[in-house]
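For 23, 85, 124, 465, the entry in Swiss-Prot reads (6S)-5-formyl-5,6,7,8-tetrahydrofolate binding site, with the evidence type sequence analysis. What Swiss-Prot records for 231-236, 250-256, 275-278 is GTP binding site. The Mg(2+) binding site feature in Swiss-Prot is assigned to 235, 256. Sequence annotations record features per position, and here Swiss-Prot assigns domain 'TrmE-type G' to 221-384.
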């Protein structure tokens, strides 16, 4: 699976800049670079030194580019192998030419994520850290980047490793009890240890599982849903906030039949805006499906904007939606749109009708861009109220969540079921604890991972990482 040959790739984006970087990793990387470079004799090829020189083509002895060469000898490198970086001028033509010269010296082109895969296979980082590298690269907010970097720096899975250590000791004590139960083992003592350790483990796992929703908000952004009856200006509001036409706007009710989304940054907050199908009684089957999806989707959003039409005032259709939101126990904000139409009497009637609801009301005009600053501040305000302390050691992703849920079910069944029976089957508990440890090993990467699983993880990386 793991070829110990020397690999190379361009590590920087091809879209220009000041410098292009080529990266090599493997036992022959330093010798290869020595062969294709001209470096003055007073410079030493020592680890973690920077050399100045030229890359040359040995075929015609021509010079290709002026470069800096960074040396990182094993194991003090990203891959824990000998790593060399060549910094040349930011020309994709030059970078490709240097790469061609390296390949002619017997270096292989790296596959996507192969440098990080080598770091994992050489034991420098764990599997959770591998995924944190990917999260750092693809993070869209400062908070999510910090969380991923924190996971990467701390080894990613310290809490999981502590949990695994605790349960391993428990399993060892249990197996000792099983083997020597006829001699001198105190039955009450082992049962107390089982109950105490499993209970504390359940609390730890529950805390990790609960962090998933928090981390999801960081990675996916605050979900903001715009709802209301047809033609109140939901699509226009989305377009106004997005500052571009994301959603089709017409005078015909029911134009939006599916959920339209747009992602934007408000300050340091990632926001996902959703324009939804207008909620009303409809005979059109396709529109009815869109309305049904809207009603289900509202429950997933952290912020709901309920849009009213200042021209029409509060209608019976609006009242139906208002009551539905109250029944769902959603903390929604009321937007009175089209206030530029000089309909203050209707606006006053809306305030009078809703004065007992204690809902925040914002007056806006999507067409004239009135009230949008208040709207954006409202999003930031409500989003910040859902802020939380970042998990210190570990961020749970979707795959780990499934494993942790299964582990929780196993331990919960042991705690509430097996340990409360008149006759406790210690052999069964030992088997279940081994299943738990196997699951924890999958998270830390300590268990041998199938080739296709590794390939799936590292295929998400770019070449050069």
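Keep in mind that glycine also has a Cβ here, set from the backbone N, Cα and C atoms.
Annotated features taken from Swiss-Prot, shown on the structure.
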residue : record                                              : CB count, 10 Å
23      : (6S)-5-formyl-5,6,7,8-tetrahydrofolate binding site : 24
85      : (6S)-5-formyl-5,6,7,8-tetrahydrofolate binding site : 21
124     : (6S)-5-formyl-5,6,7,8-tetrahydrofolate binding site : 17
231     : GTP binding site                                    : 20
234     : GTP binding site                                    : 29
235     : Mg(2+) binding site                                 : 23
For residue 23 ((6S)-5-formyl-5,6,7,8-tetrahydrofolate binding site) and residue 235 (Mg(2+) binding site), what Cα-Cα distance in Å is obtained after rounding to a whole number? 48
Return the average pLDDT for the domain 'TrmE-type G' (221-384) as a whole number. 78
Between residue 231 (GTP binding site) and residue 124 ((6S)-5-formyl-5,6,7,8-tetrahydrofolate binding site), what C-alpha distance do you get in Å? 57
Sort residue 231 (GTP binding site) into helix, strand or coil using the DSSP assignment. coil
Residue 234 (GTP binding site) and residue 124 ((6S)-5-formyl-5,6,7,8-tetrahydrofolate binding site), compared by Cα position, are separated in whole Å by 51
